[in-house]
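A.B. asks: Please see the structure below; I have some questions.
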């Protein structure tokens, strides 16, 4: 352990999330594994050549992990004795990207065995993936020092926002982990990349929900595209693989794909409306806030110090 890590451990305090995160630091691996970022970037850049959606998959995985017991890589655990995997629960059955994280873990173990946690690899992979898709790098400086959980919480996956949740429920789920309205709108902006299955939004075709209205032309386009419930549709048909602020202009034009996208702009009197307008008018404001909110997301209840472990294999406890 380097001197910074030792001092940070000594000064560790309990956060409002119930976890000890004082020692999370951008320099945590500077002396113990200085090449971790370059190793991860190389693997992710290669993965993106064959799967342009890998960035969206990794961000979603990171979010789903952090919303359940904090950012502890519990989502990566397979079923085992005493472990009921989170992977098998409805919010996570369509999660993808595990194999790329395994590749990063294997490569990092080759150069820094037993040093870098799976939880830190997930957080780092999310930041690199966004940058590869053209998104922000500053002020999003990934904080490190997490440990991996030795348990999963399959029942806790109910804390993950669902595309079928109403507005108060989604807001409560963000608030429960210390994320405010700006964080909710900024993090939802990750939907500027990626795709959604038609079954997550086709109930809107016959809906008159005033909190999530849909442009009639957009509705017809989606009806034509959705030949089955499993058909995948781009969140942002304009620049589907580029990380930008088009997501918010789509909301202004009633072209948000999910109900939970559109109600950020269309819920009467909501404090999220001016935030959507701000991000739609300024991509730099969106990027700044997205980076800050991703840091807050990554700081939810981390296991640190002597809590948890550094898994040798992200899929199983040591």
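Going from the start of the chain as shown, residues are counted 1 onward.
A Cβ is built for glycine as well, from the same backbone N, Cα and C atoms used for every other residue.
Just lifted these from TrEMBL, have a look:
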SIGNAL    1-22  signal peptide
DOMAIN    23-318  domain 'Plant heme peroxidase family profile'
DISULFID  33-112  disulfide bond
SITE      60  site 'Transition state stabilizer'
DISULFID  66-71  disulfide bond
DISULFID  118-314  disulfide bond
BINDING   161  substrate binding site
BINDING   191  heme b binding site
DISULFID  198-226  disulfide bond
A.B. asks: If you measure residue 314 (disulfide bond) to residue 112 (disulfide bond) at Cα, how many Å is it?
C.D. replies: 15
A.B. asks: About how far apart, in whole Å, are the alpha carbons (Cα) of residue 191 (heme b binding site) and residue 33 (disulfide bond)?
C.D. replies: 32
A.B. asks: Same chain only, sequence gap of 6 or more: which residues have a CB within under 8 Å of the CB of residue 118 (disulfide bond)?
C.D. replies: 73, 76, 101, 105, 148, 310, 311, 314
A.B. asks: For each of the disulfide-bonded residues (33, 71, 198, 314), count the other CB atoms lying within 10 A of its CB, then report the residue with the highest count.
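C.D. replies: Max Cβ neighbours within 10 Å, all protein chains included: 71.
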A.B. asks: I'd like to know which of the disulfide-bonded residues 66, 112, 226 has the most other Cβ atoms within 10 Å of its Cβ.
C.D. replies: 66
A.B. asks: I want to check the contact list for residue 60 (site 'Transition state stabilizer'): same chain, sequence separation of six or more, C-beta distance under 8 angstroms. What comes out?
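C.D. replies: Sequence-distant Cβ neighbours: 95, 97, 190, 194.
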A.B. asks: Nearest of the disulfide-bonded residues to residue 161 (substrate binding site) by CA-CA distance, picking from 33, 71, 226?
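C.D. replies: The answer is 71.
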A.B. asks: What is the Cβ neighbour count of residue 191 (heme b binding site) at a 10 Å cut-off, with all protein chains included?
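C.D. replies: There are 23 such Cβ atoms around residue 191 (heme b binding site).
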A.B. asks: State the count of C-beta atoms found within 10 angstroms of the C-beta of residue 161 (substrate binding site), not counting that atom itself.
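C.D. replies: Counting Cβ neighbours of residue 161 (substrate binding site) within 10 Å gives 21.
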A.B. asks: For residue 226 (disulfide bond), which of the disulfide-bonded residues 33, 66, 112 has the nearest Cα in space?
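C.D. replies: Comparing Cα positions, the closest of these disulfide-bonded residues turns out to be 66.
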A.B. asks: Residue 112 (disulfide bond): which of the disulfide-bonded residues 66, 71, 198 is the nearest Cα neighbour?
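C.D. replies: Answer for the nearest of the disulfide-bonded residues: 71.
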A.B. asks: If one measures from the C-alpha of residue 33 (disulfide bond) to the C-alpha of residue 66 (disulfide bond), what distance in angstrom results, rounded to a whole number?
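C.D. replies: Counting only the Cα atoms, the answer is 24 Å.
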